[in-house]
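So that you can see what the record holds, here are the features copied from TrEMBL:
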type	residues	note
TRANSMEM	B:7-25	transmembrane segment
BINDING	B:Asp198	Mn(2+) binding site
SITE	B:Glu229	site 'Interaction with galactose moiety of substrate glycoprotein'
ACT_SITE	B:Glu285	active site, proton donor/acceptor
CARBOHYD	B:Asn304	N-linked glycosylation site
Amino acid sequence: MATRMKLKLKTVFVLYFMVSLMGLIYALMQLGQRCDCTEHNMPKDRTISRLRGELHRFQEQLRKSEATKQPQKQPAKPTIFVITPTYARLVQKAELTRLSQTFLNVPQLHWIVVEDSPHKTPLVTDLLVKSGLTHTHLHMPTAKDRKLQEGDPSWLKPRGVEQRNEGLRWLREDRRAQPGGDNQQGVVYFADDDNTYSLQIFEEMRSTERVSVWPVGLVGGMKYERPVVEGGKVVRFHTGWRPSRPFPMDMAGFAVSLKLILANQEACFDGDAPMGFLESSLLQGLVTMDELEPKADNCSKVLVWHTRTEKPKMKREEALQAQGLGSDRAVEV
Amino acid sequence: MPKRRDIVAIILIVLPWTLLITVWHQSAITPLLSTRKDDRRDGRSNSQNAFALKDSCSLQNRDIVEVVRTEYVYSRPPPWSDVLPSIHVITPTYSRPVQKAELTRLANTLLHVPNLHWILVEDSQRTTTSVVRLLQETGLNYTHLNVETPRNYKVRGDTRDPRIPRGTIQRNLALRWLRETFSINSSQSGIVYFADDDNTYSLELFDEMRSTKKVSVWPVAFVGGLRYESPKVNKLGKVYGWKTVFDPRRPFAIDMAGFAVNLRLILSKPQAYFKLRGVKGGYQESSLLKELVTLSDLEPKAANCTKVGKQGTLHVLRPPESLEIFGCHDNLFLKSINCRLTANSLRFELI
């Protein structure tokens, strides 16, 4: 009995030992396998290190170019202050995105966005922060009786007046606090969020002394509207609609120097002006026609277009919403 | 004596198991440790390489936040990188009053995308000088092609007739150019994207599509009469359907700008083109994609298709009366032109 038990114990013991040994070997194999995994990640690591190397190179280049630019930096480029009124509608994010992508190409640009809203919306706030532009975010609601209602034609009431005036007010207050007083260099441009701007127009307007003007494409029912230039001076305006206005041009067709804005603290847009006289209501108090500076090759090139965006068709969306199956509201459009 | 032997036996049995358990325990922990170390390393280097962004909060007691960027590289377009895959953007375009405005706006967007190659295909008999000048002024890396749509395919009056595929011949020409220029054996990685000239694209979209292995998809806003259309993605990250109202039973119920294809896939299937004839409205994209990929191969982007990064917008002149004027003008222009079928367009008729 004792020997049989001993034998049994021995076999059990041997079995156990073999199993443990096999387990150990398996664990060691596991360790070996991890080595293979790290080899598998090598191409990714290599890519990452190459990208880091490139980034480092570009930063070196930037530092070198900044260093060489330093001595030439004295005549700093005048900043362009772009005032954009905006309001909430379906295509707002698309328009502002596109606009920010254009502005991102322009150096020394300060974007002043004024929302037609009683408070700042997160959509615009996030967009501005993500864009990486130098910006100021303001808001100013339009009074209800001055607002366009659903179904009103777009020309019935003037749009963006309160917002542009708020932009001017902030600009004046902000610049008063800056050193240099009224001798500050800068240009003020009113850019609506649905127009198209080429990059050259910003370089053209940077040299504005008082008020500069240029042609605007696809506006007023014409291929373009523009000031007619003779002998380097604006003599009249080529426009299809009410050419008898003091300044028959579109909001996107002129820029005012910051000095002029600061020197005339009361100059702003008049919301009560008749249709089409909005631009004149501001410019009348600032400049006369022969003081206008023609840009864009004596007003012969179209560098800005008065495009408009069609309202997206939401028939199916409305039908779905009536059934309670509308698109997820949590997704920002 | 048996007691001692028993004890020795027990020890000899238990020892390997404890060794095993400790080794197993360690092997389970060390992968975690290594990844955590990597994150820490990455985090430090990121803060070193990040551009300085200073937040200067309001000067007075107003809640106006002014953000000033202290460093920005104004090199347009960005320098070519040897590591990033290039994105080939195919844009068909045709002459109309807003054409230059649209192309300008699109170029302003594309100037921010590194390693971008813009393939612009005009619907015209020969390349127009204004487009040539525009392309040269932008400084973008581009290829300028042109092919005229034969008269019987051209849009007649109603620009929104879905039965006539617009831009198809131009896109096919671009695909053919890619196949003739790049050989399948080259190591160049690339992504092909069809971008119409009247849409809006966010910059994150181009980052998302760069990692496309076969075909990637994402939601598109303001299309199909909805706030947005998107692919339906299940928990495993696979596309199993389409969240659209307009014919969701299409094989690929997606807008032209809602997907991107890896260049290698395009090169490996040289017979895959957009179908010209007999294509129902909305089935254009399916006519190409069904020859390239199956539903299960699609890669959803934009956080599993929950973020909208591309919108379709259309442009109208103001005031509405002017549309008629330009519309008549265009029709006159079409009638007066002698629309001869060129050799190129004939070839695409056969495809």
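Each Cβ is built from the backbone N, Cα and C atoms, and glycine gets one as well.
All TrEMBL annotations are machine predictions without curation.
Highest local Cβ density among the recorded positions B:Asp198, B:Glu229 belongs to B:Glu229, counted as other Cβ atoms within 10 Å over all protein chains shown.
A separation of roughly 18 Å, to the nearest angstrom, links the Cα atoms of the residue listed as 'Mn(2+) binding site' and the residue listed as 'active site, proton donor/acceptor'.
The DSSP secondary structure for B:Asn304 (N-linked glycosylation site) is helix.
Its own atom aside, the Cβ of B:Glu285 (active site, proton donor/acceptor) has 21 Cβ atoms within 10 angstroms in the protein chains shown. Of the recorded residues, B:Glu285 (active site, proton donor/acceptor) and B:Glu229 (site 'Interaction with galactose moiety of substrate glycoprotein') place their C-alpha atoms 14 Å from one another.
Geometry remark: B:Asn304 (N-linked glycosylation site) versus B:Glu229 (site 'Interaction with galactose moiety of substrate glycoprotein'), CA distance 13 Å. Taking all protein chains in view, 16 other C-beta atoms sit within 10 angstroms of the C-beta of B:Asn304 (N-linked glycosylation site). The DSSP secondary structure for the residue listed as 'active site, proton donor/acceptor' is helix.
Taken residue by residue with DSSP, the residue listed as 'Mn(2+) binding site' is part of neither helix nor strand, so it is coil.
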